């Protein structure tokens, strides 16, 4: 018999110490990694529930195991909420991650060796959009497209490449692009050659749900997303679609199970259901609106201080600082800001002279700081502190002073009150 009072702290002090140190780090550091966010205690309650004990291969009403009547209800809630939130008529909530959701779409729509157009990783794309080190670049013939001199997607070049290479699928979406994607134009280009348009909206799903960013569902054949990032749920993936036939939906389901995964993580699916319900609340819309406002406020400060922002601004939750002219590498900036308790990630910029392990830029996102209560004033103040550190990157006194300011602000605006 298992006793409910069993806990990690009394049993595994080494592990518990590391876990508690991470809790402290999250509370005492300002999180600016665009793909990270803080999920609600309700979501964590679902993830820590007894649903973790249940195996449920298959789909609601069509399981390979008995005893699934209640987890069927859980998964159906998640499916129905995902469809309602994004205006889809199909949803698969089982992918363990965004990458696995993307893998399922590839295998459902393509054959190995088929040609795909995907955004260049160095221009803001994602590993699963055709990077040679990823399955997408190894199994498929990927032709990269990119951004123009102004940091915007070059749709004319994309259209020309589509005509030249005749891909079977065009991928929209990004991991480091600060503009608004013209989904309708991308569908038009795909239609001109009879290709699928597949959109990975992982980074902007929360903004889309709140109506702050254009919804790709009416334009794409298939859409995937993660459930963390701007959506602020558990780590996991979704596949969404609208207007396809049942045959295609069955292919997508089969590509997830049994094609790519075995049993779904029912405790995570329950957490997805909670997060999707939270995303339907008016408070969530206000949160996403503030995410965008905070990003613009930070960009304004960086521009005023003479820093180069790729594309000159932001229309979503993130932006890239190009540090080439400053003769600072992304790795150096990441480390210096980290010493001041400000967490960012180094990121390649267009035409980056440095390797992906060093880079010449940093990516900055506002979902996490907004989640802990930052408004424009705090965002501008934070951007100013970051400029102080980057202007004096080897000055330990500046970094130490900034760290004290960060600690005070974190104490005033905790993640979990």
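Every residue gets a Cβ built from N, Cα and C, even glycine.
Here's what Swiss-Prot has on this protein:
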type: BINDING; residues: 121, 125, 126, 127, 355, 356, 357; note: (6S)-5,6,7,8-tetrahydrofolate binding site
type: SITE; residues: 228; note: site 'Plays an important role in substrate specificity'
type: MOD_RES; residues: 229; note: N6-(pyridoxal phosphate)lysine
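The residue listed as 'N6-(pyridoxal phosphate)lysine' carries a helical DSSP state (H, G or I).
In the structure shown, across all protein chains, 121 is the one of the binding-site residues 121, 127 with the greatest number of other Cβ atoms within 10 Å.
Rounded to a whole number, the distance between the Cα atoms of residue 356 ((6S)-5,6,7,8-tetrahydrofolate binding site) and the residue listed as 'N6-(pyridoxal phosphate)lysine' is 22 Å. Recorded residues residue 356 ((6S)-5,6,7,8-tetrahydrofolate binding site) and residue 228 (site 'Plays an important role in substrate specificity') have their alpha carbons 24 Å apart, per Cα-Cα distance. In this structure, of the binding-site residues 125, 356, the smallest number of CB atoms within 10 A of the CB marks 356. Each residue contributes its Cα atom, and for residue 121 ((6S)-5,6,7,8-tetrahydrofolate binding site) and residue 228 (site 'Plays an important role in substrate specificity') these two points are 21 Å apart. In this structure, residue 121 ((6S)-5,6,7,8-tetrahydrofolate binding site) is part of a helix by DSSP.
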